[in-house]
Amino acid sequence: MNPYVLTALLSSLGLGTTLTFASSHWLLAWMGLEINTLAITPLMAQHHHPRAVEATTKYFLTQATAAAMILFASTTNAWLTGEWTINNLSSPVASTMFTAALALKIGLAPMHFWMPEVLQGLDLLTGLIMSTWQKLAPLALIIQVAQTVDPMLLTTLGVMSTLVGGWGGLNQTQLRKILAYSSIAHMGWMVIVIQYAPHLTVLALTTYIIMTSAAFLTLKMLLSTKVSTLATAWSKSPVLASAAALVMLSLGGLPPLTGFMPKWMILQELGKQDLPIIATIMALAALISLYFYLRLCYAMTLTISPNTTASTTPWRAHTTQTSLPLAIFTVTALGLLPMTPTILVLTT
């Protein structure tokens, strides 16, 4: 892609998200979401592969539907209250419609069906943008309207997402679909606690972005898109394969890695809110997710592909991908758990 076009599209992505962050008016927030969608569409279809075009079409139709629902809900709310401000969402019908539209935007269950299909059709770097950056603006809006939404609705969305994210990833052989289901499960963890402790949602989102970035950049470096090709990772780069296995375990929320921190704090908060059954379901759903991360670790570190020798291959061509972002994300995805007391002090 032309570097000038790429710069314009990435700048538009940043502009759309910033516009939504800064807005207190529903039309401005909607405009930011639309700029976001229109900016990522050419990035998705840049390879002109039929699969990429299909994924782009699905993504565009889904996001357009969600945007239309947001516009309809904001018009309904303005009609009933006489105001367009985001904080004044007194109509239960409008708030439910907003929540459903924003859930569709970020792929919460049961509005998640587009997510694995779309992610499967994209290259790894565009998939990374879709899995991380594209979640920021809708989640910012959900945080703003969460206090006016029925708690039962958000709890149902959160529990369903963690369960679907766990169950859906079990039978997958494509790494991008596994990461899509991982994203659905993590979104569930963020939404479940959004009414009680929004700062924990922000913390969970930050750690999710760090771990997902490390996972996508590792797969890009290894040129792997299927579980079966992970078996060759050891002969390409033993250190990277070991680090990638730990990143997968961190995504699963295993102590003493970074991914354990938000899950631990969210379960603690649910306990404080007298929701022990919800906390138990969430913890058990995290175990289901952990199983398919363990599958990836097993394929990466404990199996050797029948087509490779049992030694590293010194003649392999070096990748042109810069490894500094991967190194930074991997280190932070593995080692932030000791910072938990500091983060607790800063967020409470």
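Placed from the backbone N, Cα and C atoms, the Cβ positions cover glycine too.
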Range among 32-51, 152-171 that TrEMBL annotates as transmembrane segment: 152-171
Folded-back contacts onto the transmembrane segment (326-346), same chain, C-beta under 8 angstroms, at least six residues removed: 203, 207, 210-211, 213-214, 217-218, 221, 243-244, 246-247, 250, 255-261, 264-265
